[in-house]
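These notes concern the structure reproduced below.
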């Protein structure tokens, strides 16, 4: 086993290397623990506990060397017992940073293992905007205690950040920004920065504000660097920055960051007063989370699942979707039930009907994927909806005639009935038409009622093309064949 | 209609406002064109063409004001004729930038409308790394001509960028970076920057190289700003930068940018020589494209589709997946065909069988979504595979007994046969078990053979749970009920 790990760690990325090394140490640690337990009666406890402690010390050194994000990654990838062993080795002053980096479900499990003083110690290392991210997972009394310990402006920041919805700019802005006045020279700004000794991460521009804290412009660091230090900030700064408001939608804001290649941007209130800052780092998280949420909901999962979650937790995460699917499958089953008489007379119908339903679902999902994407990118206007519908109907009719024709021919050859083949082709075409219509109308309707079309659209279309496909095929067959 | 557009533009984001305004102007432009055509016999051509020209001039002014990314967005969202009208109004010196921003399918349609001199003029505005992105869409003779016009180092850069696969770091690195020597003071660096007059976008650090162009460190701009100008670069710079190699995978590189919150990073060759630079901007594109590709492939689309693409183009984009699904649906149909005798005797089987298949597919997709995600995040090691399998089997058995029990009960009540209900429950449980096993094994196997588990895994599991579900249910029914 040792050899295997060593081979694999050589051929993989550094990150997987870290994980392999930590896993190996944990395995050794468990072995020693087991030996200690087995040989306890031989009074070798002292020696064993020494070996044990040596092992843990080595593991701790390994962990101390790692970037907080890498420790978080290892915690995410370890089974619960090992996860806690490693977590206990993390230096208290790094707890906060690492808690911010682990996945939601793992954060819950780590916080559950910590007592109030430990959580408070971890929280002390964090800024107000970072605390806001943690706060919802913390017990109320800890949050209260935390509030007490902050100074007034920080408390105000934390309260403000917590007052916004998760999908609003206000919830993800930070407060680490450098503000300057416009009536000074660049030389003064340069001296001020040297005096500050530190510039926050992801700072590519300084914010210029007046005495009322109203944002009057931004000064990119690169302009500060290439311009003559004798010039005034007001001459060099740009006035029309990309500014955002705290109640804006984070997904649209992230799209703006992507479009205009921003690194940071100011957040202002209705009066134009500077209240915070957005960074590309937070935006990348938004983009990643958006894509994750879509993947999860498309796969029928309610939320992110700790891969080592208990069976019970997994069940709860998956039940909603299974239950919905059970209902739609049951409806489809009852549609078939309507035609049991026909199936009894012509049993080939039972074998052929899933093809009609399946291809309809597939084609409907193709249409809906394209439309949902175009809607998310803001590419569909009411005037283009009609045009889209016409195109999708064209695609559906052609697909129906071609693929339906092929499968109709196969059905004719298999069951020796040209009429059965013709019904098959007609049913396929009609169900593809239904899929196209619904594939356009469902997302358009969801968005009209301000619902997210990515959620649930796929389930709905599949339910419709299943029940609809069975009904169309068995109905046509009953009319023309029975 | 005017009112509607104005109302909607007030309540939407600026970007949708641009689109609405351009669409309105185009509508007016088309109206004038139509009038000009209708009234041509009345010899009012001169007046009309004046109005026409005035209209276009106004539209052009509107477009000139927009950021290239916004023009690209409008082009993406317009139907083909309007798209070309707007494209012809874009100033030639902005063509290049805008071509980089539009979606792949729209870029193709715009390039198809340009002749060689126009393309060459557009290309002249671009850097070597940007040209490399366009080059694959250009006719060979244009690429050849382009190469001739570049100076030697640029030609070398273009050739180098084009020599890498799309998913390699070498294909997305750029060459705009500032290099400095370590044996000078920060004061000298500051003066050098002022002398350069311009610092490339997304520059958060300068690269320190020796006389052989080997990277010896990086100097973040913020350290340059906060440190005493009299200090040497060698004292202030950091030695252990996150460096990348041109043959590394872009997706893993983007994950590193996310993890370590990087803005830019150096790319070095095997000898440590600096050959290029990666920026967060390019990485955000990678993250977005990765998520897009997954959405599209999950939805059964081969590639990004221009929503106004011709019916014929759409058909080709969707045929592969429809054909694969037709084959798997046909196999499932033949499995049912094996049991036609049983269905003839007990027609309830036909109505119930899609439930077993459907829930199996749903559950399998839940498992596979979770595992593919964990694999992509590097959270699954060979040692955790067994553990995962055990958990998924547990979830499947419980789900099977519970949901299978419910549906078994319903079947009993509906058809008055306890035995049928029992077969239903047993078949559900077994199919969910199959779904769990395959949901773990398919992605694990795909990754073992270095295939992307996100591609195709969902189709495979659905095919297996369909055919498998029919076989298990009809097989059990034939054994125990017929």
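Positions of Cβ are set from backbone N, Cα and C atoms, glycine also.
Automatic prediction, not curation, is the source of TrEMBL annotations.
Over in TrEMBL, the protein carries these features:
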DOMAIN    B:232-294  domain 'CBS'
TRANSMEM  B:319-339  transmembrane segment
TRANSMEM  B:351-372  transmembrane segment
TRANSMEM  B:393-415  transmembrane segment
TRANSMEM  B:421-447  transmembrane segment
TRANSMEM  B:459-481  transmembrane segment
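Counting Cβ pairs under 8 Å to the transmembrane segment (B:421-447), the top-ranked stretch among B:319-339, B:393-415, B:459-481 is B:393-415. Within the chain carrying the transmembrane segment (B:319-339), a Cβ under 8 angstroms from the stretch's Cβ atoms is held by residues 300-302, 349, 353, 357, 459, 462-463, 466-467, 470-471, 474-475, 477-478, all 6 or more beyond its ends. In terms of DSSP helix, strand and coil, the domain 'CBS' (B:232-294) has 30 helix, 16 strand, 17 coil. Beyond the transmembrane segment (B:351-372), the same-chain residues lying 6 or more positions past its ends with a Cβ under 8 Å from any Cβ of the stretch are 332, 336, 380, 388, 392, 395-396, 399, 403, 407, 411, 420, 424, 427-428, 431-432, 434-436, 438-440, 442-444, 453-454, 457-458, 461-462, 464-466, 468-470, 472-474.
Sequence-distant contacts of the transmembrane segment (B:459-481), counting only residues of its own chain at least 6 positions beyond either end whose CB sits under 8 Å from a CB of the stretch, comprise 321, 324-325, 328-329, 331-332, 335-336, 338-339, 342-343, 346, 349, 352-353, 356-358, 360-361, 363-365, 367-368, 417, 419-420, 422-424, 426-427, 430-431, 434-435, 438-439, 442. Restricting the average to the domain 'CBS' (B:232-294) gives a pLDDT of 92.
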